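Reading through the structure tokens given below for one structure.
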Amino acid sequence: MKKILERSMEGSGTWQGLVLVGVVTWICASSYLKFTHKFRSLLQPWVARQVVGGVPLILRIQKCQNGVLDAFFSGLSCVVSVPFYTAFLPLLFWSGHGRLARQMTLLIAFCDYLGNCIKDVVSAPRPSCPPVRRITATKDEEDNAMEYGLPSSHTLNTVCLSGYLLHYVLSSLEYESVSIQYYGFALACLLVALIAFGRIYLGMHSVVDIVSGLAIGVLILGLWLTVNEKLDDFITSKQNVSSFWTALSFLLLFAYPTPEHPTPSYEYHTAFNGVTLGIVTGVQQTYSQFHHEAAPRIFSPELPISSYLGRVMVGIPTILLVKFCSKSLAKWTLPMVSNALGIPIRSSMYIPKLKGYASGKKTDEPKNSVGYLQKLCEFLSHDSFDIDTGIRFFQYAGLAWSVVDLVPSLFSYVNL
């Protein structure tokens with residue numbers, strides 16, 4: 001048995017190393033060969049023509065506008081938005097459905113990463129406003145409008161998450177029912193159709209954005225249903241999970257295309273990258289205590305609704321406090337570490353005194369000890385690094401870790 005475990009560890013370490021080497025190779029190759037610019041020059045003109053050509057259809061759809069439809073589609077967009085999922089996932093973890101919560105967290109992070117990468121590679125415009133009427137009822141929608149259009153993230157995410165949720169529910173049933181499968185599939189398709197139509201009605205997307213979101217979402221869902229069990233087995237194992245995921249998360253901060261103009265997409269990727277790191281490391285450490293398949297689930301005698309509400313009342317303030325403390329700690333430590341290593345930094349939001357200023361660039365003294373870091377900066381074509389990226393990453397990593405590690409420990413302490 002010991003030899004089998006050792007061989008398993010060796011095999012796991014091999015593929016983990018290959019994955020990390022592959023990501024580094026991709027970063028170097030794409031930067032040197034300028035893949036982003038080449039793909040954009042091929043795809044952007046065609047997509048832009050499709051967006052312009054789709055404006056008459058959007059105007060015809062918007063002729064039926066009224067206040068009820070405005071409110072309905074705006075509300076529906078909020079329900080399937082990334083902030084909603086972010087708020088909903090902690091409640092799912094605390095309900096005892098750990099496997100579902102883990103998979104949905106990783107899936108939405110993957111959808112967010114891949115969808116936003118495509119957005120920023122293509123850098124295709126949204127429908128022109130005017131003549132199209134664009135409705136942004138919330139701050140989140142205003143931020144979404146600042147992103148590029150193709151593909152529609154709402155459509156892509158809805159396809160993947162509703163499809164995976166349907167798969168999870170059907171696979172959890174004790175018996176197969178054709179009628180339940182039929183109605184579940186019909187309900188998922190209805191939700192996707194309403195979201196897709198709503199994004200056009202609200203003036204946020206053109207038809208080509210919706211179609212690409214549907215196609216990419218189906219491909220991602222098919223891939224995820226193939227690998228989700230193996231991925232979950234790996235996360236709940238003890239095979240260098242935390243160290244591998246930490247290295248992967250760091251590399252993914254660089255494995256992201258540069259858009260034609262700055263957008264909030266990279267900020268969303270950074271946040272969810274931190275969330276996945278916090279979830280994976282926290283679950284890996286406490287799986288046998290809080291997140292195993294035999295954990296009490298909501299509405300069971302071991303976890304009645306009153307106890308679950310108590311968990312929510314304890315958990316929400318705790319994770320918000322951890323988020324604030326993680327952000328404050330990162331704002332204090334990261335600039336000091338960066339300056340000590342000679343890494344030039346700036347801040348666009350979190351540290352006012354660093355706005356428009358690259359620290360570490362005013363001295364002409366040689367820094368032989370940090371030569372490789374400076375070469376890395378030059379190779380990646382950055383005069384300085386935005387420290388806000390690191391702050392945002394650690395902030396959300398701390399938040400996610402508290403959801404699956406600190407807060408469940410508090411539940412155990414207060415008998416919830």
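Placed from the backbone N, Cα and C atoms, the Cβ positions cover glycine too.
As given in TrEMBL:
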type: DOMAIN; residues: 101-225; note: domain 'Phosphatidic acid phosphatase type 2/haloperoxidase'
type: TRANSMEM; residues: 12-33; note: transmembrane segment
type: TRANSMEM; residues: 71-94; note: transmembrane segment
type: TRANSMEM; residues: 182-201; note: transmembrane segment
type: TRANSMEM; residues: 207-227; note: transmembrane segment
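For the domain 'Phosphatidic acid phosphatase type 2/haloperoxidase' (101-225), the model's average pLDDT works out to 89. According to DSSP, the domain 'Phosphatidic acid phosphatase type 2/haloperoxidase' (101-225) comprises 92 helix, 0 strand, 33 coil. Outside the transmembrane segment (12-33), and at least 6 residues removed from its termini, the chain residues within Cβ reach (under 8 Å) are 234, 237, 239-240, 244, 247-248, 251-252, 254-255, 257, 379-381. Tertiary neighbourhood of the transmembrane segment (71-94): same-chain residues 100-101, 104-105, 108, 112, 135, 137-138, 140-141, 144, 153-154, 157-158, 161, 191, 194-195, 197-199, 201-202, 204, 268, 272, 275, 291, 308, 311-312, 315-316, 319, 403-404, 407-408, 411, selected by CB-CB distance under 8 Å and a gap of 6+ residues from either end.
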